[in-house]
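What follows is a short report on a single structure.
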Amino acid sequence: MASLGLQLVGYILGLLGLLGTLVAMLLPSWRTSSYVGTSIVTAVGFSKGLWMECATHSTGITQCDIYSTLLGLPADIQAAQAMMVTSSAISSLACIVSVVGMRCTVFCQDSRAKDRLAVVGGVFFIIGGLLGFIPVAWNLHGILRDFYSPLVPDSMKFEIGEALYLGIISSLFSLVAGIILCFSCPLQGNRSDYYDSYQAQPLATRGSPRPGQPPKAKSEFNSYSLTGYV
């Protein structure tokens, strides 16, 4: 029961990590305008994501435009696009494999195969979490570096957007989910020792009493000889 509960907790965390990664990948708020120095008073605020950038006017109107070309984007944005898409794909595969390997499902009745599939799903969650964490940390480092650099104009400085916070939390969820699934399955030797020893016994000895167990007493009826009544 403990391993079943751990598998459920791990799967829920992995599913939340996948959904959070998808939302963070699509949000256009990886970088937001920084209101420091000469850019404190401005009528337009900008935010940039992996696929589009948005401009929010003082009137409350927001306009978003998808990038016209992907090849002209900075290297960190292109790498983040590839890694986030790969992370989402691997995490989706991890969800499918983990469902088959969980003990509460009816797929693949062989318990040993289910345990292996659960571990494989956990490994996929770990890989997906790492692929989602790397681009988020990379962009986070770039934002902080430019923000504190005196060589970058104030109008070109950005702050950390909500999507980066969501990406960090989602990747951590995926990593924790993978670790839980990998360690939720018991050791094969401890679980199947009795089963293997029972299968190894010959048929003639399965009905014999175990060592240290007293033999069953014969019934009173069997103790009488039938020849005494003839």
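The count begins at 1 with the first shown residue.
Keep in mind that glycine also has a Cβ here, set from the backbone N, Cα and C atoms.
Topology check against Swiss-Prot: Arg116 and Ser184 fall in the same compartment relative to the membrane.
When each of 82-102, 117-137, 163-183 is checked for Cβ pairs under 8 Å to the transmembrane segment (8-28), 163-183 comes out on top.
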